[in-house]
Amino acid sequence: MKVLVTAAWPYVNSVPHLGNLIGSILSADVFARYARLRYGKENVLFVSGSDEHGTPIEIEAIKRKVNPKELTDQAHEYDRHLFLNVWKISFDNYTRTESEIHKKFVREFLLKLTKYIKVSEDEIPYCENDKLYLPDRFVKGTCPYCGFEDARGDQCDNCGKLLTPSLLVNPKCSICGKTPVFKKTKHWFFDLSEFNDKIRGWISSSNEMPDNVKSVALSWVGEGLKPRSITRDNKWGIPAPFEGAQDKSIYVWFEALLGYISAVIEYFERKGDQEKWKEYWFGPNIKSYYFIGKDNIPFHAVILPAMLMASEEEYHLPDVIAATEYLLYEGQKFSKSRKIGVWIDEAPELMDVEYWRFVLIRLRPEEKDTNFTWRETVRIVNTELNDDIGNYVNRVLSMVNRYYSGIVPEFKIDILDDNDRKIISLINETPKVVGDLFEKGKLKAGTEEMLKFVRECNAYLNMKAPWDLYKSGKEIELKNTLYIGTNSVKTIAILLYPLMPSHAQKIYEMLNMGNIENEKWDVASTLSVNPGHKIGKVNVLFKKLEPEFESKIKDKLEKIRKDIEKIRPTLLK
């Protein structure tokens, strides 16, 4: 089994905020780390990259009178550093749409779709002041569906509807603010209508696709898919490969989706293997996972599979598109201009990155929009991490040290009570329950099952009271309790690893069990810490956030924000 894990490509015109992070990159990383333990590192590939073409970058470059690539070079390296070095995202390949391999692949792939591509004249807004056509974000106006007054020419950020510039009410040029005129210009259209029935059949027959993705895709095909322009009049983009389209570029969404393929090709080309990429894209023994925000569902559940079908090359279609709803910040939408939210270069200055990872997965908006609050953050860190997980690990291993000099005691399987059997049963069953939820893209739900297990373990330890067993000389019961407890700690470490890899490794070091990255997920279900094994030194695993953390956060964030702003690249300020 080959497992392809992808995260929606972050657009480089701004630093991602916490909502962006949980919507794609972090969720994908948690799943990729799980998948490597479950399927083996050699069978899992995790890719993404910087999405850097299109109108927002071109507009910014025009305003600053610089080449767009000057801006995206800086932004790509900044984001890449944050993901790989600060947040420790475990990409196998984090690339960019300016990659020569990507640009070459996109042009070659689109030429395979010519059977489904039509040329037609389209009316596009044109700014007579700036002497520019205004595709997509070059034009803004009022959304015809919800009345939002700052809708873009390609999509309304308020209601999520995909738009064309001609649909906007009272359109204005994004550069100078003047009202454009509409001019006819030739464009190339991908005829999605040819795939209406195929998309419906594919999405309806899937037993793994989440309901929110199915609903959006079926709504689209229910309304009838229509041809969509695949070219733009932008200069900043991949040149269109079609005959007569020399002055056109490829619409950013069509080319960015193909980055999932080109990133795999690039990864193996760097390793000197020109053919191995096909193992992740062709054949039945593949599972593919796409982690995205809900506003990207139409592109991944309709346009991407339609392009793959149109190539007539038997590309593997998406298995699970895990699309989150929106994460709010203290009840409001994230907003850079209004300074509402926390961005990923600010967050590590406020709290340990792995605390953030755990908190964000606990708040992951899987079924509905969820609300990030500092109060809930403090509760999660202080109660769930410190009190529930950290204290349990510390208590069990400290008692193994205290009562048995760090040697895991012998286990009498024929002398067990119902409470012992219950925890052993949970050790056997919980990893599968968590794994099954992860496989469905339900990371928050899987983490809740892990915490239920931790709470049961705490209740077991409190009920057994090993300190009393020791005092009363109940040696066999004490040994069984601490043997089971030590094995439950190992289970917790493996379940925690995808969310908090460094802290899971710390638990493994306390257990003296080597590198957890080399462990197998199934080991979490076993009693594999054997009697006679010598555990390591026991250390404090987590630290509580101080009582005044919440009350001081606003001032602290303001100071950090001023410092961070000074080091951000030009495009991201």
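Just so it is clear, glycine is given a Cβ too, placed from its N, Cα and C backbone atoms.
Among the ranges 153-157, 268-272, 333-337, 548-552, the stretch that Swiss-Prot annotates as motif ''KMSKS' region' is 333-337. Annotation for Lys336 (ATP binding site): same-chain Cβ neighbours under 8 Å, separated by at least 6 residues, are Ser14, His17, Trp343. Sequence-distant neighbours of Cys146 (Zn(2+) binding site) (same chain, 6+ apart, CB under 8 A from its CB) are Cys156, Asn158, Cys159, Lys161.
In terms of local Cβ density within 10 Å, Cys156 ranks first among the binding-site residues Cys156, Cys159. Summarised by DSSP class, the composition of the motif ''HIGH' region' (10-20) is 3 helix, 2 strand, 6 coil.
Contacts of Cys143 (Zn(2+) binding site) defined by a Cβ separation under 8 A and a same-chain sequence distance of 6+ are given as Glu149, Ala151, Cys156, Asn158, Cys159, Lys161, Leu163, Leu168, Val169, in order along the sequence.
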